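The feature domain 'Release factor glutamine methyltransferase N-terminal' is assigned by TrEMBL to 14-83. Annotated domain 'Methyltransferase small' per TrEMBL: 127-208, in sequence order. The S-adenosyl-L-methionine binding site annotation in TrEMBL covers GLY132, THR133, GLY134, SER135, GLY136, ASP155, ASN200. According to TrEMBL, the substrate binding site annotation covers ASN200, PRO201, PRO202, TYR203.
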Amino acid sequence: MSASQQEPWTVLRLLEWTTDFFKKKGSDSPRLDAEVLLAHARNCTRIELYTAFGEEPGEEQRIAFREMVRRRGEGTPVAQLVGYREFYSLRFRVDDSVLIPRPETEHLVIEALDFAKASGVTDRPLQIADIGTGSGAIAVAVAKNFANCEVTAVDRSASALKIATWNAEQHGVSDRVTFLESDLLAAVDAPAQFDIICTNPPYVSDSEYDELSPTVRDHEPKTALVSGPLGTEIIQRIIQEVPPRMHSGGWLIIELSPMIAEACGQIAKDSEHFADQHFIKDLEGHKRILSVQRC
Ligand SMILES: C[S@@+](CC[C@H](N)C(=O)[O-])C[C@H]1O[C@@H](n2cnc3c(N)ncnc32)[C@H](O)[C@@H]1O
């Protein structure tokens, strides 16, 4: 038996071996993936792993960890293995019926909260919509961080709405967030008009979809990602359909891909209903969020 086979499988050794394994499997964040999975198997936080490097996890924990490592190696996203993802410092339950919330979407939440605070509306709850709510990440994060608002969150997917409803309950905002199965705002009767409409809609083109990493393509719902041949189709519909549902001066905030940013900006400019517009760039300097103001 070689010396390395005799070495005990401590927390540190498990992390190092697994990081190396995930690196070979092409993960973008091998160490982080290993830490999140081992912390989940040990029912502790990632930080707590750092004070337990020399400990040997018991057989039960190692079996649970090994199974998650195997599935991660086959491409299953870490968030689906542990059942949640942190977004805007809140924990959101996820499964394969919802898009896993992405860090870039936090820019959209910040923008919505900035507009909410600047609105000066105090005599009534600010009316906010979230089109394509998925796990409820945007709707819940906004409601949690801005007390004087009511959020109407829609999705075409009934299974996504179940997850979103659970997340809103967990974060204590279900009295101010209403979930509805709807194609954009078609099934929303009230309120008649919104102050802010947020959306992270599907914006991947058919050809881009074929190029996505298998971790995304094989595990997250296609209906959450793909818009059509161009990628702009659903955003175009939103820009065309929502103006009657917005207060004058209200903001429509759209997450998009940098590839279609200019095209979407032009669609909004061509609309007679929107005046001011600006982009917010992500941490890599790419245009990610388009905000347009209703005339
Ligand atoms: C990119 S995901 C965004 C999920 C979540 N808002 C987030 O940021 O993590 C897009 C969501 O829009 C929903 N969707 C797609 N087409 C829709 C439509 N026509 N009307 C309402 N929701 C739609 C999908 O089911 C999916 O949940």
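We count from 1, first residue shown onward.
Cβ coordinates are placed from backbone N, Cα and C, and glycine is handled just like the others.
Each of VAL98, LEU99, ASP130, ALA137, ILE138, ALA139, ALA153, ALA160, ALA164, ALA224 belongs to the same chain as GLY132, THR133, GLY134, SER135, GLY136, ASP155, ASN200, is absent from that list, and has a C-beta within 8 angstroms of the C-beta centroid marking the S-adenosyl-L-methionine site. Farthest C-alpha pair in the S-adenosyl-L-methionine-binding residues GLY132, THR133, GLY134, SER135, GLY136, ASP155, ASN200: 12 Å apart. Summary for the binding-site residues THR133, SER135, ASN200: the Cβ-based neighbour count within 10 Å is maximal at THR133. Each residue in GLY132, THR199, VAL204, ALA224, LEU225, SER227, ILE234, ILE235, GLU255, LEU256 lies on the same chain as ASN200, PRO201, PRO202, TYR203 and has a C-beta within 8 Å of the C-beta centroid of that substrate site, without being one of the site residues. Just so you know, of the binding-site residues GLY132, GLY136, PRO202, the Cβ with the fewest other Cβ atoms around it within 10 Å is the one at PRO202. Between the CA atoms of GLY134 (S-adenosyl-L-methionine binding site) and TYR203 (substrate binding site) there is a gap of 14 Å, rounded to the nearest whole number. Cα of THR133 (S-adenosyl-L-methionine binding site) to Cα of PRO202 (substrate binding site): a distance of 11 Å. The number of other Cβ atoms within 10 Å of the Cβ belonging to ASP155 (S-adenosyl-L-methionine binding site), over all protein chains shown, comes to 26.
Across the domain 'Release factor glutamine methyltransferase N-terminal' (14-83), DSSP classifies residues as 49 helix, 0 strand, 21 coil. The Cβ of PRO201 (substrate binding site) has ILE131, GLY132, SER227, ILE234, ILE235, ILE238, ILE254, GLU255 as same-chain neighbours under 8 Å, each 6 or more residues away in sequence.
Neighbour count (other Cβ atoms within 10 Å of the Cβ, all protein chains): 28 for GLY134 (S-adenosyl-L-methionine binding site).
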